[in-house]
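Record features, source Swiss-Prot:
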BINDING   Arg78, Arg103, Asp130, Pro131, Met132, Leu133, Ala134, Thr135, Gly136, Gly137, Thr138, Asp202  5-phospho-alpha-D-ribose 1-diphosphate binding site
BINDING   Ile196, Gly201, Asp202, Ala203  uracil binding site
Amino acid sequence: MRLSVIDHPLVAHKLTALRDARTDSPTFRRLADELVTLLAYEATRDVAVEPHPVTTPVTATTGVRLTSPKPIVVPILRAGLGMLDGMVRLLPTAEVGFLGMIRDETTLQATTYANRLPDDLSGRQVFVLDPMLATGGTLVAAITYLLERGARDVTALCLLAAPEGLEVVRTAFDDHAQVTVVTAAVDERLDENGYIVPGLGDAGDRLYGVV
């Protein structure tokens, strides 16, 4: 597993505003969208491309274009939906699938309750959107699900990560070089309820209101 923590003043600035308990849902959604676009720039650094001829107003030359099959973006419901627009802004031709996963607040284990994905992901680059990498259970379950269906490599974009969750993911995919986590920050720890400290609260609730 590879870890990329984005060190950039704009990332830090937007993350600080997201952490602020006074930030309302509309502002939180906008900031999350902007932050994801910044993370996506780094997350797609190794996206697969191929040479492509192009004629400019001056002469013919060769550039690149995304290869087939197209990348697939997979937000984990529901909080991952708040990251989708920021991701597809940079990858507008990507396909979008969905994974519905929920964490049991007693056991902290993740279970899948819905999926809208191709059965065969052979050769696909997959970008998973999950704002909070806390215990790591949800992300491990999601990545395992995707790799079992043939995904070539999986990159997870997270607004925040906890050391405990990163260790769980690292242990699960220690020998899998094609699993990458891209995050804006690694926070101090998890509390007794499995929440990231200092964190930013429950990302889903702050994006959409408590439901």
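Every residue, even glycine, has its Cβ placed from backbone N, Cα and C.
Sequence features, as recorded in Swiss-Prot, placed on the structure.
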| residue | record | contacts (Cβ under 8 Å, 6+ apart) |
| --- | --- | --- |
| Arg78 | 5-phospho-alpha-D-ribose 1-diphosphate binding site | Gly204, Tyr208 |
| Asp130 | 5-phospho-alpha-D-ribose 1-diphosphate binding site | Pro75, Ile76, Ala79, Gly80, Thr138, Leu139, Ala142, Ala156, Leu157, Cys158 |
| Met132 | 5-phospho-alpha-D-ribose 1-diphosphate binding site | Ala79, Cys158, Leu159, Leu160, Ala161, Ile196, Gly199, Ala203 |
| Ala134 | 5-phospho-alpha-D-ribose 1-diphosphate binding site | Ala162, Glu164, Gly165, Leu190, Gly194, Tyr195, Ile196 |
| Gly136 | 5-phospho-alpha-D-ribose 1-diphosphate binding site | Glu164, Gly165, Leu166, Glu167, Val168, Val169, Ala172 |
| Gly201 | uracil binding site | Ala21, Tyr195 |
| Asp202 | uracil binding site | Tyr195 |
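Its Cβ placed at the centre, Ile196 (uracil binding site) has 26 other Cβ atoms within 10 Å. Listed in chain order, the residues near the uracil site other than Ile196, Gly201, Asp202, Ala203 are Pro131, Met132, Leu160, Tyr195, Gly199, Leu200, Gly204, Asp205, Arg206, each with its Cβ within 8 Å of the site Cβ centroid.
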